[in-house]
Each structure stands twice: as structure tokens, then as C-alpha cells.
Ligand SMILES: Cc1cc2nc3c(=O)[nH]c(=O)nc-3n(C[C@H](O)[C@H](O)[C@H](O)COP(=O)(O)OP(=O)(O)OC[C@H]3O[C@@H](n4cnc5c(N)ncnc54)[C@H](O)[C@@H]3O)c2cc1C
């Protein structure tokens with residue numbers, strides 16, 4: 001009789017993982033601390049509870065989340081089956097009745113003959129291997145402290161202070177220029193602002209609407225991590241001495257120093273995604289878009305990840321992962337998934353739960369490593385990003401088109417996306433067959 005595989009956390013990632021393992025014939029022990037210990041955001045004792053929105057994102061064949069949904073469907077995902085069972089009319093989005101959704105997942109797992117559910121907080125990383133760790137953005141303090149100690153470095157963050165990330169191809173390089181401050185390097189893209197452009201930009205930030213945090217997510221801001229709206233509130237010139245300072249960044253086309261400069265930092269190895277340096281923000285998403293597009297050179301910027309400021313427990317994935325297979329370098333045999341692993345979003349959590357379990361199942365069976373989905377697929381792009389992203393100020397990432405290589409040629413945006421969708425799904429299916437990763 002084989003030892004059971006333990007899965008810690010029965011959220012979006014852990015539920016998917018437990019199902020995959022059990023369907024592959026393995027005995028599973030699924031640990032969930034609720035209702036014995038609740039988190040500040042969950043309300044029930046059910047698995048895969050959706051803590052906020054009831055949408056799993058757009059379904060269109062032009063939508064990055066739509067591609068991840070299609071891949072998960074092709075993988076036989078429990079979360080996608082629950083979403084179908086709980087589907088509500090919502091235009092082009094996959095919205096669900098959250099009660100029906102979490103009841104469905106809970107029932108399927110509790111009634112599974114190979115899954116034992118243990119209710120209670122896991123305070124230390126268990127010794128059993130392989131292991132799937134999926135305790136989410138509100139991982140309990142004891143387990144977070146133990147994980148931190150085992151990883152030996154402060155690679156665990158407790159809040160998310162993220163700046164918007166934009167698609168590289170949407171930056172107007174006839175306006176922006178590459179340079180490092182005082183000619184140190186040319187790693188940054190710089191967007192120069194005239195005084196008039198800065199004035200409009202400052203006014204827009206001052207008038208923008210803030211996201212109202214729940215009581216439990218209120219943050220004490222560190223001075224080095226101040227949201228841009230707070231800097232702007234402190235005074236007209238404050239951002240000019242902070243993230244927008246133009247010193248050492250003359251525009252090579254004029255040789256002159258702009259009034260202000262917005263810098264963009266590369267987020268991924270290929271340079272498909274760029275974040276606005278020092279622009280961590282809790283502003284409403286619509287207002288973020290307006291403000292970003294006021295920056296010269298970013299008039300047509302496509303935002304692939306909006307800025308957020310909220311409590312969030314996650315690992316610095318590029319530092320701690322052994323590779324895109326979601327295994328911790330310092331703890332071989334421990335596979336992480338969900339927000340803890342550095343993704344954002346319900347679907348992304350479920351998808352990494354699925355992959356972590358595929359890996360853990362192969363390890364438990366002593367089978368050949370199935371590898372990870374190809375880079376053209378959304379899941380393949382996402383886990384490669386986790387393993388290779390810029391570790392500096394690493395922030396959790398959601399499904400977006402910057403994660404996968406563009407299709408060649410100049411095509412209208414819609415057609416480009418549709419081709420990327422078809423190519424990604426085809427690549428995912430082909431990999432699954434090659435790797436003998438059966439549907440569940
Ligand atoms: C307030 C908030 C709102 C969000 N809103 C959205 C949204 O609208 N849309 C979206 O796509 N994403 C949203 N997210 C981000 C993310 O997609 C969800 O949090 C998602 O549920 C993450 O899945 P997960 O499996 O990583 O974690 P979770 O779904 O939170 O699952 C983790 C589970 O582990 C359990 N657990 C924690 N510690 C322990 C322990 N020590 N022992 C045993 N069990 C433990 C928890 O009780 C929980 O059930 C939100 C996140 C937060 C915090």
C-alpha cells in the first residue's frame with residue numbers, strides 16, 4: 001500500500017490538486033483549516049470558496065483567461081466542471097453561482113473514495129514527500145513562519161504592492177527611449193514628460209478613485225513602497241523627487257532633461273511585459289488605465305496586470321522554484337500552487353494546482369517526469385514566467401498575452417489573439433498526449 005500524498009489547503013489550487021491525485025489512483029489526505037480556523041476573507045467551511053468576484057474571466061477566443069479555461073477543460077479540471085455546473089448568464093464571461101460552485105467541489109472531494117479530508121491547521125510543512133502546498137494568499141501565520149524558516153531567506157511576502165504591467169509591443173518607442181540613470185545601463189525604457197503633460201497626469205491621479213480596502217487588508221505603507229496616489233497627495237512636486245525624477249535621464253534625441261520621466265522595468269526574460277517603476281497603486285482599474293495612458297508613449301498601452309495593494313502571502317517564485325515544474329529548490333518533492341506559488345486569480349490557482357498534482361503524481365509513482373506544458377500554452381507561459389521572472393520586486397501574475405510568444409507577422413489584434421488561442425490550445429493538447437497525462 002503506497003503512502004498517501006498530502007495536499008495542504010482546499011482552496012482553488014488544493015482542491016484541483018487533490019482531485020487529480022485521487023483520479024490517478026493515489027490515496028490523498030486533504031488538509032483544510034476552515035472552519036476550525038477561519039481566514040479574514042473566507043465565510044464558509046467549503047472548498048474552493050470564491051472570496052470576492054464570482055467571475056472566472058472572459059471566455060472569448062481572444063481572451064488570455066479564455067485560453068487558460070480551454071486548457072483546463074482539456075485537462076479534465078474539477079474547477080471547470082464545477083464552473084459549468086454553477087454557470088450564470090454573464091455576457092462573455094464565465095460567471096458562477098458561488099454557493100453551487102463550492103458545494104459541487106466540496107461534495108466531489110468529500111465523496112471521493114481515495115480522499116481523506118482532515119480539518120485543522122497544518123502548522124509545519126509535513127515531512128511526507130511528494131507534497132502539494134496550496135495554502136493561498138491568507139496562509140496561516142504558523143505555517144508561513146515555518147516555511148520562511150525552511151527557505152532560509154525572506155522569500156515570502158505578506159502583502160502585494162504591485163504596479164501596473166503593460167505589454168511591451170504597446171509602448172510607442174518613437175517617444176520613449178532606453179537608458180539607465182547617469183548612463184549606467186540601458187535596461188530601462190523611459191517615457192519623457194513635459195511640464196504640461198506632468199500637470200495633467202498629476203491632476204488625474206489626484207482626482208482618481210481609490211479602491212476601498214476591507215478592514216483586514218488595510219496596510220501600513222513603508223516609505224519605500226508608497227502608492228503613487230499617496231505620493232501625489234503629498235504635493236505637486238513629491239513624485240518628481242520620487243519615481244518620476246528625471247535626473248540623469250536626458251532624452252538622447254534632444255540631449256535635454258525632461259521635466260519628469262516615467263521608467264519601465266522589464267518583467268520577463270523576453271521583454272514582453274514591462275512594469276511602471278514605483279507605480280504601486282490601489283486606484284480603481286478604470287482610473288489606472290486612464291492615468292497610464294496619459295504618460296507620453298503609453299497612449300495605447302495595453303495593461304496586462306493592474307496595480308493592487310492588499311494583503312497577500314506569496315513566495316518569490318523565481319528565487320525559490322527549482323524550475324517551471326513548481327517544485328521548491330530547497331525542499332525537493334514539495335510542489336507549490338496557487339497564490340502562494342506566485343500566481344494571481346482563481347483560474348491561475350486552479351491551473352497551477354492541476355500541474356503541481358501532475359508532477360506530484362508522477363513523483364509518487366516513480367514515473368518519468370511529464371515536464372510542463374509548452375510555452376505557447378497559457379499554463380506553460382505562466383509557469384515559465386514564475387521560474388524565470390525578474391526576482392526584483394516580484395509580484396504575482398495572472399494569465400495574459402504577454403506570457404506567450406506572439407504569432408509572427410503584422411495582423412489585426414483580434415486575429416492575432418485568435419491565432420495565439422488556437423496555437424496555445426493545440427500545443428497544450430499535443431503535450432498532454434505526448435506526456436501521457438490522462439484527462440483527470
Ligand atoms: C480578498 C481577496 C479577494 C480576491 N478576489 C479575487 C477575485 O475576485 N478574482 C480572482 O480571480 N482572484 C481573486 N483573489 C486572488 C486569488 O485568486 C484567490 O485568493 C484564490 O482563492 C487563490 O487560490 P488558492 O488556492 O491559492 O488559495 P485559497 O483559495 O485561499 O485556498 C487556500 C486554502 O488554504 C487554507 N489554509 C491556509 N492556511 C492553512 C493551514 N496552515 N493549514 C490548512 N489549511 C490552510 C485556507 O483556509 C484556504 O481554504 C482574491 C484574493 C483575496 C485575498
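Note that Cβ sites are derived from N, Cα and C of the backbone, with glycine treated the same way.
Just so you know, TrEMBL annotations are computer predictions that nobody has curated.
As recorded in TrEMBL, the features of this protein are as follows:
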type	residues	note
DOMAIN	5-366	domain 'MnmG N-terminal'
BINDING	9, 10, 11, 12, 13, 14	FAD binding site
*Determine which residues of this chain, when 9, 10, 11, 12, 13, 14 are set aside, have a Cβ within 8 Å of the centroid of the FAD site's Cβ atoms, and list them as they appear in the sequence.*
7, 15, 16, 17, 32, 47, 48, 134, 135, 136, 337, 338, 349, 353
_For a quick check of packing: other C-beta atoms within 10 Å of the C-beta of residue 9 (FAD binding site), how many?_
32
*Taking each of the binding-site residues 10, 12 in turn and counting other Cβ atoms within 10 Å of its Cβ, which one has the fewest?*
12
*Please list residues from the chain of residue 11 (FAD binding site) whose Cβ is under 8 angstroms from its Cβ, counting only those at least six apart in sequence.*
47, 48, 49, 134, 135, 136, 338, 349
*What number of additional C-beta atoms lies within 10 angstroms of the C-beta atom of residue 13 (FAD binding site)?*
35
*Count of other CB atoms lying within 10 Å of the CB belonging to residue 14 (FAD binding site)*: 31
